[in-house]
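Novice: Please read through the structure below; I'll follow up with questions.
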Amino acid sequence: MIIIKNDTEIEYMRQAGKIVGETLNMLEKAAKPGVTTADLDRLAEDFIKKYNAIPSFKGYGGFPASICTSINEEVIHGIPSKHRVLHEGDIISVDCGAILNGYQGDAARTFAIGEISEEAAKLIKVTKESFFKGVEKAVIGNRLTDISHSIQEYVESFGYGVVRDYVGHGIGKEMHEDPEVPNYGRPGRGPKLVHGMVLAIEPMVDVGTYMVKTQSNDWTVVTQDGSLAAHYENTVAILDNGPEILTLCE
């Protein structure tokens, strides 16, 4: 069941989203060669708690950290570790969530570590742009898969693959609510978008095939062919005057 949010609930989510967006902005500056993913996790947890919010990932389904840190061919759900050191030329996707006043914010970014290849930079750019292509369709009266199709069409125009095994989702009091928000599919399908829907829209894109697999830790998802992957996500409210991105602080 899709849970429609009232204006008060959306304001709570706006506040939670601001903390998530600012956390990611802080982490982008901190993500440099020589830093470990555990360092980033500690910074994120401290930052979120400073604003009296709760890191929503920590303990979720047994996940051991406050952020997901996925490097290069890792797509999502990478576990921070003191043994994972960032190196010049890496790319890292950081997924972050926070709870404030009982409501969630969820977002992800992919960062460059020092100087990166042209291919990696293009992948990050296209993944981010595909999110905004999807958001253009996140308007009242459209169907859910209008978002999905717009993302897929844009990504595939560059020859990249759109991950299909993992999708975006509704969000509110719970991190994962209905509906699922695929990043692929035919337009004009799924529920009609209405005022008060809040969605986590999150294209996951790789340079090669869209096929992925899960590593032996049962969390980290990687590309099957070892190609680079990127992830970009925001929490988006569907409002009468158009979509509002709740986790974007630029």
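Every residue gets a Cβ built from N, Cα and C, even glycine.
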Novice: Quick one: which of Asp106, Asp146, Asp218, Asp225 does Swiss-Prot put in the divalent metal cation 2 site with His169, Glu202, Glu233?
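Specialist: Among Asp106, Asp146, Asp218, Asp225, only Asp106 appears alongside His169, Glu202, Glu233 as divalent metal cation 2-binding in Swiss-Prot.
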Novice: Of Asp95, Asp240, which does Swiss-Prot put in the divalent metal cation 1 site with Asp106, Glu233?
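Specialist: According to Swiss-Prot, the candidate sharing the divalent metal cation 1 site with Asp106, Glu233 is Asp95.
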Novice: Cβ within 8 Å of the divalent metal cation 1 site's Cβ centroid: which residues qualify beyond Asp95, Asp106, Glu233?
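Specialist: After dropping the recorded site residues, what remains is Val20, Cys96, Gly97, Ala107, Ala108, Ala200, Glu202, His231, Asn234, Thr235, Thr247.
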Novice: Asp95, Glu202: which of these binding-site residues has the highest Cβ count within 10 Å of its own Cβ?
Specialist: Glu202
Novice: Considering only the binding-site residues His77, His176, Glu202, which fall within 10 Å of Glu233 (divalent metal cation 1 binding site) when distances are taken between Cα atoms?
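Specialist: Within 10 Å of Glu233 (divalent metal cation 1 binding site): Glu202.
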